[in-house]
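First up is the structure itself, then whatever we jot down about it.
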Amino acid sequence: MKMVHLFLALWLQLLGYGWAGMFRKYLVDSPHMWWPSNLIQVSLFRALHEKEKRLNGGKTRLQFFAIVCVSSFAYYVLPGYLFPSISTVSFICWIWKDSITAQQVGSGLNGLGIGSFGLDWSTVANAFESRRFPMFSQETYDGAGQVYNVTRIMNERGFDLDVVGYDGYSKLYLSAVFAIGLGFGFAALMAAITHVALFDGKEHWKKTTGEKNDRSIDVHTRIMRRNYEVVPRWWFMATMIIPFALSFLAIEGFGKQLQLPWWALIMACAFAFAFTLPAGIILATTNQMIWTDVIVDLLIGYIYPGKPLANVVFKSYSSVSMFQALDFLSDFKLGHYMKIPPKSMFLVQIAGTLVGSAAQFATAWALISNIDNICDIEKLPVGSPWTCPGYDYFYSTSILWGVIGPHRVLDNGVYSILKWFFLIGALAPFPNKKWIESVHVPIIFSGAYGILPARPVHYLSWAAVGIFFNYYVYRKYKGWWARHTYILSAALDAGVAFMAVMIYFTLQSKNVYGPVWWGLEADDHCPLAKCPTVPGIFVDGCPAFHITLNHF
């Protein structure tokens, strides 16, 4: 079974690479698809390889990169090892230590994050009955405000829903932010479809019908076409067909373990192929991803309810393969900028995927096998980095849509109103008018959806840094901004990455953590932010609310 897991991980990526070739002329050759994320890498490569003279005693871009990288490397020992609490500083919680309301407002991890900020570069009305639960949490809860006990509703033999156990236990509930975030996820995908159809549909229709337009060919495309051969279409077709056939055999051969029927595999791949273009247009022009996983969960949950493994496998084929296709196209655009032969890019990517998939799978398996209580925050030692926030969210959504199913969550009950977000998203994109040209509705909705598994402090810190550099510095010091901003970002990332790897291999892998003190906790010290505020709900560590009767 281990080999099946490895091959599934590999086939998922190669599938996306296969149909990426079908969208090259839309997402790579077009000058309008400029892929902002590549500019950091382009700036770094130019700084590393271009010869440059120091002007007026200043520093070259390479020297600037080295200084910032070393500084970032040295600083990260604080948030990464000695003082993790510095990643989220929530002053309001320090001032009002006994107030649930104040901590829910001020907590950067479990509240609204008002007044909170992070000093770690790597972090840059009772609706839905939510007062029973923490305001900001990615866990699932029962009606008594306790973490949902999934074992009470699962059949151990078939690993599917025990309807009798579910009816005798409790409905599943979410925190307010979790619930609203799902609604924004519904709206984001519908808004992306409408936005692309309204504002990009005409141009891409011309490309599809073969209508020539010289304005759609920029200098990079002309140079690439003049000097290099394009990747043959059959390379992409083979990369798509072979992994699909092998996936089909795996699904049929391990049907009981994976729970996914063959027709669902075809549906998942068709979904991923259909949404690669609209999601790619948004990503290539704004550097923001439109996440399709919430719609995918909903789709398979309705069609094949009560099968959590089927839900996870379907989501992997429909979402992960699409993301891999977009990564592949982004790398082709990077090769476009750096004038790397397309065939070389293709072969290196395939080779890297083979090696990388094996390495990632081996690493993940080793961590799961050797680290006790991995991802269990309550049982991990203080200072442990293995908290897995992203995987907690993945687990919660698999329970929500895969085990219980959307017909029990959305069709009846407190979350049925979330279906209106589909209509809101479809109608929300504005006409292309000058006075609102900066309003990009799909990005607004997608950004709101991404608040989990991220946290308010991440958004606030990211926004503060982005506004400072891309508004203030850009306007006042445009020359410095153009020369150094992207290199600064790359250097900060590199310093953090090098230090994180060194800390793990030299200390944390040997269970040597930082000195025991309150700053060692990767927390903002707002314990009451997780508490419910409705009378009658009792949670360990939280003050109890009691009903107060007014006497006249």
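Sequential numbering from 1, following the chain as shown.
For all residues, glycine too, the Cβ spot is worked out from N, Cα and C.
Just so you know, TrEMBL annotations are computer predictions that nobody has curated.
Copied over from TrEMBL:
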- 1-20: signal peptide (SIGNAL)
- 60-78: transmembrane segment (TRANSMEM)
- 172-198: transmembrane segment (TRANSMEM)
- 234-254: transmembrane segment (TRANSMEM)
- 260-284: transmembrane segment (TRANSMEM)
- 346-368: transmembrane segment (TRANSMEM)
- 413-430: transmembrane segment (TRANSMEM)
- 458-474: transmembrane segment (TRANSMEM)
- 486-507: transmembrane segment (TRANSMEM)
Given the transmembrane segment (413-430), its same-chain partners at Cβ distance under 8 Å and 6+ residues beyond its ends are 128-129, 171, 173-174, 179, 182-184, 186-191, 193-195, 198-199, 436, 439, 441-442, 445
Same-chain Cβ contacts of the transmembrane segment (346-368) under 8 Å, 6 or more residues past its ends?
2, 5-6, 9-10, 13-14, 17, 231, 235, 239, 328, 331, 374, 386
Report, as numbers and ranges, every residue of the chain located at least six residues beyond the transmembrane segment (486-507) whose Cβ falls under 8 Å of a Cβ in that stretch; write 'none' if there are none.
39-44, 47, 61, 64-77, 80-81, 121-122, 385, 513
